[in-house]
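Working notes, beginning with the structure itself.
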């Protein structure tokens, strides 16, 4: 029998083992679609971004005009820009759902896969932040000023670090140039880390909704899950295209239609919606260094999740008390996101502080305590 090139060719063999003959648990649900959707969410901004970079000018006097030029004069420039900007929003929607699924079903016990995933999230956040600065509107400029200024809270080296990042004594032309360079580079770094992420995943195989070992019951990825992923991609592309074509500025800030002006501060400086939960946690602490530490902890706390797993069951499928806690955490994150978009005044200050406190309390204390209690109830006999 002639050898199958798909299984013998050095390069095709890798693709085959990752996407075609990959043994997958037969019972994984639609929640397992988001990994492949994230791949699509990465490819789309890279392709549109390369096309935008051909027309964009990374100079403070020309950046705003070059974005307007792309939207007005470049063939389908408006479409490329809208797909690129809203692609970031859908990237974050997918990654948050992907993390939520990993948390709910105990996938974090694959520690290497989980940790590389968090590194991917941090890299994505950095990419989105530097990208938001590039149109050089009011919110771009002031967002960059406020967020980079947070590094000055670091003792001893803070101020030097900020001036080094700025390339001067304020956010100016050198800052914009280096942010453009970073925004071009980081998505390719994300693509590289994604391969590492997948390599670790394929070492152990996928988790499943029951959280049990499924080696005895696996099916090939293609055609079963490739078809399922295709459906997921179709269902994701509908709201994505609807947003990009009908209401492309829905998730943006109106302030960004005004060119950057260092002499006029916007009434309410806020980041894009996907950072609002962390921004609310930052603002809830009246001390600068404390706020920065809380901001860092709000994301870095994910590294501690595998260490805080006390349950004898992996998944939350059969753990109703933990399920209630999980959905409380989700509701809490929605509250933080909403508070982050509101001005700093009563009652939003106290709501933000209570939501921030409950965020850390749920993750660090209530989940391990509940898991221990469930062990007692479930395994008492």
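Glycine is treated like the rest: Cβ placed from N, Cα and C.
Looking at 78-99, 144-165, 254-275, the stretch flagged in Swiss-Prot as transmembrane segment turns out to be 78-99. Counting residues 6+ beyond its ends, the transmembrane segment (179-199) has Cβ neighbours under 8 Å at 18, 38-39, 42, 45-46, 49, 53, 56, 58, 113, 116-117, 119-120, 123-124, 126-127, 130-131, 133-134, 144 in the same chain.
In this chain, the transmembrane segment (348-368) lies out of contact with the transmembrane segment (114-134); the count of Cβ pairs under 8 Å, excluding pairs fewer than 6 apart in sequence, is fewer than 3. Sequence-distant contacts of the transmembrane segment (348-368), counting only residues of its own chain at least 6 positions beyond either end whose CB sits under 8 Å from a CB of the stretch, comprise 280-281, 283-285, 294, 297-298, 301, 304-305, 308-310, 322, 325, 328-329, 332-333, 335-336, 339-340, 342. Straight-line distance linking the Cα atoms of residue 84 (heme b b562 binding site) and residue 98 (heme b b566 binding site), rounded to a whole number, equals 21 Å.
Residue density at residue 197 (heme b b566 binding site): 21 other Cβ atoms are found within 10 A of its Cβ, drawing on all protein chains shown. Around the Cβ of residue 183 (heme b b562 binding site), 22 further Cβ atoms fall within 10 Å across all displayed protein chains.
Taking CA atoms as the reference points, residue 183 (heme b b562 binding site) and residue 197 (heme b b566 binding site) are 21 Å apart.
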